[in-house]
Amino acid sequence: LQWDPMITTLPGLYLLSVGVVKPAAWLLGWTGSVVCSVGMLRFINLLFSAGNFYLLYLLLLKIHQKNKAVSGFQRILSALTLAVFPTLYFFTFLYYTDPGSVFFTLFSYLMCIYGNHKTSALLGFCGFMFRQTNIVWTVFCAGNVVAEKLNEAWKIELQKKKDEKISSGKGSFSDLTRILQFLVEYLLSPKKLITLAALTWPYIILVSLFFVFVFINGGIVVGDRSSHEACLHFPQLFYFLSFTVFFSFPHLLTPTKIRKFLLSLRKHPVQYSLVTVISLFLIWKFTYVHKYLLADNRHYTFYVWRKVFQRHELVKYLLVPFYIFAGWSFADTLKSKSIFWILMYFVCLLAVTVPQKLLEFRYFILPFLIYRLNIPFLSLYRQLLELAFYILVNAVTFYLFLNRTFQWENSDEVQRFMW
C-alpha cells in the first residue's frame with residue numbers, strides 16, 4: 001500500500017509477488033514478517049530464473065528446429081549459458097525487475113513464433129507491467145509476423161523476375177535499395193496492409209493501449225522523471241555492440257571473422273568511409289553523459305567511463321574502427337536470417353537503446369538475448385568456452401559484491417559493487 005516516488009517502473013513485480021506469496025502464506029500459515037521478508041521476495045526472482053532457463057531452451061529448439069546437426073546436449077548447454085548470462089544472472093538474487101521482465105518477454109516471443117498471437121500479446125502486456133520499454137519487444141513480435149510475410153512476397157517477386165543475382169536472405173549494399181523499394185511498395189498497398197493488420201491485431205491493440213498510457217501519464221516514465229529523460233543518444237548503439245562483442249567473443253572475435261572483415265574493408269572502402277564519417281558525427285553531436293554515470297561509483301559503468309572514455313577527449317572517436325568491426329561482425333552472424341527480420345530487429349534495437357540517456361548494462365539484456373537466440377550454434381569447444389567465461393565473470397561479480405564493500409562519506413549504509 002506504499003509507493004516510493006523514486007520507482008520508475010509499473011508495479012508488475014510487486015503485484016506478482018503478492019499473487020505468489022499471499023496464497024503460499026495462507027496455505028502454510030506464515031506470519032507477516034516471513035511473507036514480506038527480503039529472502040521471500042528475492043525467491044520470486046529465483047522462480048523467474050528457472051522459467052527463463054526453460055524458455056531459452058524451448059526458443060533455441062523452435063528457432064533452430066531445421067538444424068539437425070546440433071545435438072540435444074548442445075541445445076541444453078546453450079540454454080544454460082544464456083540462463084547464467086552475467087548481467088541477468090546477478091539480478092536473479094536481488095529484488096529487481098529484470099528476471100521477470102525477461103521471463104514475460106521471452107514467453108511472449110515463444111508464443112509469437114508458435115503462432116499464438118493473442119497469448120503473446122497478453123504476455124507482452126505482463127512484460128510491459130515490469131518495464132515500460134518492453135513494449136518495443138511487443139512490436140518485435142508483430143515485426144516477426146510482418147517479416148515472414150514480406151520474405152514470402154520477396155521470394156515470389158524474385159521468382160517472377162527470375163533474377164538469381166539477388167539472394168532473398170542475405171542482401172548486400174547494392175541489393176539494399178532494391179529491397180527498400182519493394183518494402184515501400186508493399187507497405188503502401190492498402191490490401192496488403194489490411195492482411196498484415198488482420199494477422200497482428202492483438203499487438204496493435206496493445207501498442208495502442210501503450211500510447212493511451214503515455215498520453216494520460218504525460219510520458220513513459222512513472223515516478224522520478226528527472227533522472228530518466230528521453231534523448232537521441234546514438235552512441236548507445238556503439239556501447240551495445242561493444243557489450244555484445246565482450247560477452248559473445250567466441251562468436252564475434254574469431255580469426256576467420258577478422259580476415260573476412262579486412263577483406264570486406266578492401267572491397268568496399270567508400271561505404272566504410274561513409275559509415276566512419278557518420279559514426280564520428282553521431283559521437284560528436286549525440287554523446288550524453290548522465291549524472292548517475294559520473295556520480296554513482298557502485299556500478300561498473302562508472303569505472304568503464306572513467307578508465308576508458310574520460311582518459312582523453314579523443315578516446316570516444318578512436319574507438320570508431322572497433323565499433324565498425326563490432327557492427328559488421330554482429331550483422332555477419334545474423335546473415336542466416338531474412339533481410340526483413342534483420343531490418344525489423346535493428347529498428348527495435350534502436351528504439352530500445354537510443355532514447356536512453358544513462359549507460360546501463362541492464363538495458364542491453366533483452367536485445368542481447370534475442371540476438372544470441374537467433375545466431376547459429378558454435379562448436380562444442382566454443383560453447384564450453386563461452387559458458388566458462390560467464391561463470392568466471394559471475395564469480396568475480398559476486399565476490400566483489402559480497403566482499404569488497406565500502407562506505408560513502410555522507411552515509412552510514414554499506415555500499416557494494418554491482419552491474
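Glycine is no exception: its Cβ is also placed from the backbone N, Cα and C atoms.
Where the annotation comes from TrEMBL, it is an automatic prediction and has not been curated.
According to TrEMBL, the features are:
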type	residues	note
TRANSMEM	12-31	transmembrane segment
TRANSMEM	43-64	transmembrane segment
TRANSMEM	76-96	transmembrane segment
TRANSMEM	102-130	transmembrane segment
TRANSMEM	193-216	transmembrane segment
TRANSMEM	236-253	transmembrane segment
TRANSMEM	274-294	transmembrane segment
TRANSMEM	314-331	transmembrane segment
TRANSMEM	338-355	transmembrane segment
TRANSMEM	387-406	transmembrane segment
Residues outside the transmembrane segment (12-31) whose C-beta sits under 8 Å from one of its C-beta atoms, at least 6 past its ends, are 40-41, 44, 47, 95, 97, 100-101, 104, 126-131
With a Cβ cut-off under 8 Å, give me the same-chain residues at least six positions beyond the ends of the transmembrane segment (236-253) that come close to it.
85-87, 279, 283, 319, 322-323, 326-327, 329-330, 333, 349-350, 353-354, 356, 359, 361, 363-364, 367-368, 371-372, 375, 378, 382-383, 385-386, 389-390
Taking residues 6+ outside the transmembrane segment (76-96), which of them lie with a CB under 8 Å of any CB in it?
13, 38, 41-42, 44-46, 48-49, 52-54, 56-57, 60, 102, 247, 361-362, 364-365, 368-369, 372-373, 377, 380, 383-384, 386-387, 390-391, 393-394, 397-398, 401, 418-419
